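First the structure, in the form of structure tokens, and then the observations on it.
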Amino acid sequence: MSSLDQDEIAKTFGLLKIPKNHATVGFSNMVVATKQYRSLFVNRRLGDAGWSDVQIQSFIFLLSTLDTNNKATTSGGGSVESRWCGVGEREGRVYSSLVAHRHFGLSHGMGRSGDITEPQPKAAGSSVLVKLALLLVLDVVRRGSGLNGKAKGPAAHGILLPLCTGMTMALVLSCIREAENDNKKTIVLWSRIDQKSCFKAITSAGLTCIVVPTKLDKDSDSVITDMEAMEAAIKEHEGKVLAIITTTSCFAPRVPDQVDKVATLCAEHGVNHIINNAYGLQCPQTCKLINRACVVGRVDAIVSSTDKNFLVPVGGALVLSPQKALVQGVGKVYAGRASSSPILDLFITLLSMGMNGYKGILAKRQDMLQTFPTRLEQVATKYGERILKCPTNTISFGITLDNLALARTDDEREEDYLKAVAKDISAFGSMLFSRCVSGTRVVPRAQSKMMGGHEFVGFGSSVEGYPHAYMTAACAVGLTTEELDEFFLRLDKTLQEKHNNKQSKRSSLS
């Protein structure tokens, strides 16, 4: 990256009375760094070993010098001359030096008003970084997560967006609607999952959401895809269905949809199929299921979050597709230029991890899975509860909470009793949070919620009439052994306190 060769550097250092052998050592570091940069451009894949913070910062600052807002200046005689003279309304001007440093001087963002994937004339460095980030993340999901990157595979093509998963889903739906160009197709069939953002994504895209009910699996505690209901919904709204949205990452007792069977159904009826794979890239079983879906049927887009899968701050999403035209369309539907900050975070993280680092965090999660369910069940059994049997969900795990509340009295109306129990069960979630346990979900029985004019009966469990109150906890990527040990300790103590409170309440009533 320097115009000086080794002899010139040694000669220059010699003028400063720096020994030649010292200069040689310094030059070797520069050669190594230059080889890494070159490898990134030539191979366009993630190296096995991660880069150091110094190497990453040096590379990003090098790229930032290519953007016009980082003006090369010279001063002399009290005057400052700037190489660039910006007279537009958007010239990457940043008032605070802290903000400028936080973004490594990359303030022009990504894309152009007509296409978020187009190179930005004022920001060659930012454009290079965004392109490299996409190449690296595609490499990671192919060689690390195991998604098929060949033609017609789920990871054949992709686009990175500085949006949350829900807003990305809305953008994908808008792209599909524009491509279909059929005003009759305004319905999206959504295999029920009690999570608000996907429902809002459908309505935000100006489409009508038809919630397809799920069902209880007769052989386990799982809430599964109701394929009969899905097929009936397609036939009922024949010619009006734009897309079907399925989900592969979810809270227990909900398990990943049977996306391979839905994909077959979509292929038969000529319906678009979008998979909400928010945090499923960390799960090998889920990735195999998606690979299969692309082989046996139709999958148009897979949407995943960057923060949940790659341990970066919230704000980015990855859209994968077997179809190049779809990801190109998503780029064109995005309105305006965009912040490149979430993509920069991902780029830095991937370079820091290297392929070995990424595979390492996946392997560590798999190791924790060997004991997580067993330890959770041990705590549950101690208090007369049990673990929910949901074998195809290997990220989220649940235990029943049926014994936390007092039994119904003879003179108590069932409606009043269920409300009191729901309040009591929900209080347990508050107790956990007050003890600095985050991420758990506590779901009482028979609660309902209105969302977009649709009533979700049994909200939280993704099905009507789920027979248990329960709580969930996730064995997700990034979880440490120390966190896990502390969680089980605090869960045990909180359950003990809750049962003590129950006994005291029973004594006061007797």
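Cβ from N, Cα, C; glycine included.
Nobody curates TrEMBL annotations by hand; they come from automatic prediction.
Copied over from TrEMBL:
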BINDING   ARG90  pyridoxal 5'-phosphate binding site
BINDING   ARG112, SER113, GLN120, ARG337  substrate binding site
MOD_RES   LYS308  N6-(pyridoxal phosphate)lysine
BINDING   ARG435  tRNA binding site
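Annotated features taken from TrEMBL, shown on the structure.
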residue : record                         : Cβ neighbours (10 Å)
ARG112  : substrate binding site         : 16
SER113  : substrate binding site         : 10
GLN120  : substrate binding site         : 20
LYS308  : N6-(pyridoxal phosphate)lysine : 22
ARG337  : substrate binding site         : 18
ARG435  : tRNA binding site              : 12
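Distance between Cα atoms for LYS308 (N6-(pyridoxal phosphate)lysine) and SER113 (substrate binding site): 29 Å, as a whole number. Calculated from their C-alpha atoms, the gap between ARG337 (substrate binding site) and ARG435 (tRNA binding site) amounts to 43 Å. Here the C-alpha separation of ARG435 (tRNA binding site) and ARG112 (substrate binding site) works out to 47 Å. Put simply, the two farthest-apart Cα atoms among ARG112, SER113, GLN120, ARG337, the recorded binders of substrate, are 10 Å from each other.
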